[in-house]
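According to TrEMBL, the active site, proton acceptor annotation covers His311. Among the features that TrEMBL reports, glyoxylate binding site is placed at Tyr44, Tyr150, Arg185, His311, Arg314. Among the features that TrEMBL reports, FMN binding site is placed at 97-99, Ser126, Gln148, Thr176, Lys287, Ser309, 342-346, 365-366. The compositional bias 'Low complexity' annotation in TrEMBL covers 220-229. Annotation comment: TrEMBL describes 18-416 as domain 'FMN hydroxy acid dehydrogenase'. Summarising the annotation, TrEMBL assigns region 'Disordered' to 215-258.
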Amino acid sequence: MGTSQLFTMSAQSKGEKPHDLNCLTIKELEKHAELRMDKQTRDYYNEGADSGSTLLENSTAYGKYRIRPRVLRDISLIDTSVSVFGKKNVVPIGVAPTAMQCLAHPDGELATARACKEAEVAMGMSSFSTSTLEDVAKAIGDHSHVLQLYLFEEREHSKKLIKRAKKADYKAVFLTVDTPMLGRRNLEIRNQFKLPKPYKIANFVADSDSAASETAMEGASSSAPNAAENEQKNSASTQGYHDGKQRRGPTGPVTVHTHAPNPTLCWERDIGWLKEQCAPEMEVWVKGIATAEDAHLAVHHRVDGIVVSNHGGRQLNGALATLDALPEIVEAAKGKIPVHIDGGIRHGTDVFKALALGADFVWVGRPVLWGLAYKGQEGVELCLRLLSDEFKLCMGLAGTVKVNDITKDYLVKIDKSGFISRL
Ligand SMILES: Cc1cc2nc3c(=O)[nH]c(=O)nc-3n(C[C@H](O)[C@H](O)[C@H](O)COP(=O)(O)O)c2cc1C
Ligand SMILES: CCCCC(=O)C(=O)O
């Protein structure tokens, strides 16, 4: 009997799920997903803006740190759990909001929600999902779910969405603030990305006032009387945002390319307004903070929390990797509001390092999409299990038994010449 089989049986005998011997790491999950996704989806999910250097650095930044493990500490009882949005989360890991999950698997966001419920992990739901926010809320039950929001220039759409989110028991709104314009994603442009039939940007189909709005999503039904016209509008506006020639006010049907980027967003007008709309049921967080200055402003405008994010390297290429931006943001906000982080997290040790540098919680984007493409709900569960198991192992081998024990004392920074510095 091979060692891997033995390992599998030992996991099973403890009542844990058996290993998937074809997929033991997030890297392997990425490879499996690559084979299962069509080119348009693979390019849309995996690419970063411009040369993709920020996308790459989000992951490689973790390699600048090494762990200082402590020993002889009785780590037989490790508690990886934390509390987020008033609920227990079994690990300090959540599923970041990513758009259009039906591209990866027909069950899309519903499969992700069921996996999050099973794994007891919080889910971020994109406004631009291919399932409605109500259906996702039903699928996740009373486990934590938050709604990512693109605040549209057309406030009415956003108002309705917020109302629906409250009713569906979303715990918070994550306002995405790093998309005043759409980042330049060259593969998306070259592929002339469109959501294929029969999928729809589900939240705005239910919300639409007319058949025109319903059919004008990417992948519009050709049976609509004005489908051809809308199709044309869609690709024209996509082009307009990508080449930066002009900004049209986003009137008409809600599409990703016309409505998500909002160049008018600002602290003074929009945060107060959003807090009013969300109170008292839902918290307001800002997702896409990259500097101490903006962390101070977030505290000043009394948001409930921050997600340090560069949108997975899909917006401003050349921006700092999120892990590199984290320390100054933690210094500005720690103890005042919670600081979460996303971008490039591919190992349990990455989660440990982000927490050691002061993050309270991490969110994971692409690996979940890869899990979805690999095996739907089961694949997302596998993704979450790999990261959770690795994180628990890291905690134990580093000599920590509680998430709160993880501090910068457990890390050193190592530069390119091998010089090691304590933090
Ligand atoms: C395919 C894709 C779609 C995304 N869609 C959204 C979205 O709708 N709203 C949002 O705020 N962020 C979106 N993001 C950004 C993620 O929430 C998150 O910031 C990022 O994926 C984290 O980096 P990671 O993929 O390296 O984990 C998207 C990311 C990807 C890869
Ligand atoms: C305007 C983009 C909407 C989806 C998204 O956030 C992404 O693809 O990164």
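Cβ atoms here come from the backbone N, Cα and C positions, even for glycine.
Caution: TrEMBL annotation is automatic and unverified by curators.
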DSSP state at Arg366 (FMN binding site), helix/strand/coil: helix
Cβ under 6 Å from ligand 1: qualifying binding-site residues of Tyr150, Arg185, Arg346: none
Contacting binding-site residues, sequence order - Ala99, Lys287, Arg314, Asp342 vs ligand 2, Cβ under 6 Å: Ala99, Arg314
Cα-Cα distance linking Arg314 (glyoxylate binding site) and Arg346 (FMN binding site), given in Å to the nearest integer: 17
Those binding-site residues of Tyr44, Ala99, Gln148, Tyr150, Arg185, Arg366 having Cα within 10 angstroms of His311 (active site, proton acceptor): none
Nearest recorded site to Asp342 (FMN binding site) by CA-CA distance, among binding-site residues Tyr44, Tyr150, Arg185, Arg314: Arg314
Those binding-site residues, out of Tyr44, Tyr150, Arg185, Arg314, that come within 10 angstroms of Gly344 (FMN binding site) at the Cα: none
Candidate nearest Lys287 (FMN binding site) in space, where candidates are the binding-site residues Tyr44, Arg185, Arg314 and distance is Cα-Cα: Arg314
Longest CA-CA distance among Tyr44, Tyr150, Arg185, His311, Arg314, per record bound to glyoxylate, angstrom: 19
Cβ packing number for Tyr44 (glyoxylate binding site), 10 Å threshold: 21
